[in-house]
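Colleague: Sending over a structure as structure tokens; questions will come in a sec.
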């Protein structure tokens with residue numbers, strides 16, 4: 001039980017759990033960032049724009065799988081916090097079955113839908129084939145992403161964020177090596193970058209499985225057929241599917257904005273893509289502290305430590321707000337230099353558009369601090385439908401912005417759309433959290449360990 005988050009000073013436990021999680025999330029961002037960087041430097045701006053234009057589609061499909069495995073891990077955390085190892089093992093077996101079935105379904109559906117999605121997005125003809133070739137390989141390897149996320153989220157649910165980080169790091173190094181080999185020294189082009197990603201994720205998934213079998217012997221798959229339970233499957237899906245749909249809804253909003261940006265030409269596509277890549281890595285500290293609250297909350301909820309949950313939320317918010325301010329300053333003074341790492345210093349128009357994007361967003365990262373902490377805390381409490389509602393609000397705000405702002409203001413309208421979506425998502429999350437916290441206070445028992 002050394003990984004339990006139910007004892008010790010909350011903020012110290014949260015930071016200790018978050019640091020490997022943060023580094024792991026940054027490395028996971030590095031998978032696609034490395035692809036984009038090497039493609040840009042080796043194959044040119046059009047190939048880079050083609051690969052980058054797929055980010056919304058990959059987030060829609062892969063994000064669903066990632067969200068599903070996060071949601072499935074909530075009950076693992078809860079029963080681990082309650083010290084019910086037998087229940088944890090049964091849930092693990094049923095979660096693996098759900099994950100494997102989801103991988104098969106997502107692979108078939110996504111492969112048949114590539115051309116349709118690219119056409120709906122009105123992907124420019126000069127980058128269409130790059131986007132298609134990249135997605136084809138990525139979707140063939142969905143199983144590697146699903147399994148890695150399933151195994152790593154299971155370990156995190158048990159309080160171990162360090163081991164998944166180590167295997168992500170190994171996978172990232174392998175990904176970069178394979179990127180260089182397959183993109184620069186083979187005729188595979190952008191497909192080489194995609195192949196590097198799925199091979200690296202597959203290797204990380206195998207390492208995670210080996211670690212689980214070695215270190216968590218109570219998660220044995222022996223006699224798994226007898227442990228398949230329809231009630232447990234449905235209970236887990238009630239938590240997993242809303243989180244999965246939330247991730248896909250948010251990704252759908254990104255796709256809508258990509259559709260709007262695609263109409264502005266290759267320069268705007270490249271600027272929006274590179275700024276989004278940079279921001280994806282910049283906000284990972286905020287996202288990671290939020291994600292840590294899912295495990296922290298679920299374990300303490302299972303252990304009936306309600307006051308500890310509220311205290312942890314307050315402390316995590318203070319840390320996250322401080323990080324948001326620091327990141328905003330970095331975007332203000334270093335955004336242009338970060339963009340130049342991807343496209344060079346000669347692409348002046350791309351540099352200016354990307355920097356404007358990063359300045360506007362960076363000044364509003366504090367909103368994300370509140371959104372992530374509240375959203376992931378609610379997931380840990382098992383209230384996964386609320387984050388879905390939050391995701392719908394985020395989608396609605398993006399649609400409104402795409403209709404009203406982009407036609408009138410162009411790139412700056414597309415830039416403003418994202419902070420507006422954060423505000424739309426925060427409102428239901430904040431209301432739901434304060435309602436839930438009042439309920440927790442009513443449940444406080446006099447003998448709770450503080």
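Including glycine, each Cβ sits where the backbone N, Cα and C put it.
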Colleague: Looking at 17-43, 233-259, I want to know which stretch TrEMBL calls transmembrane segment.
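Modeller: The listed stretch tagged transmembrane segment in TrEMBL is 233-259.
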Colleague: When TrEMBL marks a stretch as transmembrane segment, which of 296-315, 316-335 is it?
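Modeller: Here TrEMBL associates transmembrane segment with the stretch 316-335.
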Colleague: Using a Cβ distance cut-off of under 8 Å, indicate which of 164-183, 233-259, 355-374 has the most pairs with the transmembrane segment (57-76).
Modeller: 233-259
Colleague: Count the CB pairs under 8 A between the transmembrane segment (233-259) and each of 97-122, 316-335, 355-374, then give me the winner.
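Modeller: Result: 97-122.
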Colleague: Out of 189-212, 316-335, 395-414, which stretch has the largest tally of CB pairs under 8 angstroms to the transmembrane segment (355-374)?
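Modeller: Against the transmembrane segment (355-374), the leading stretch is 316-335.
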Colleague: Within the same chain, where does the transmembrane segment (97-122) have neighbours whose Cβ lies under 8 angstroms from its own Cβ atoms, ignoring anything closer than 6 residues to its ends? I mean 6 or more beyond.
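Modeller: Hits for the transmembrane segment (97-122): 53, 56-57, 61, 64-65, 68-69, 72, 128, 131-132, 135-136, 139-140, 142-143, 146-147, 150, 228, 233, 236-237, 240, 255, 258-259, 262-263.
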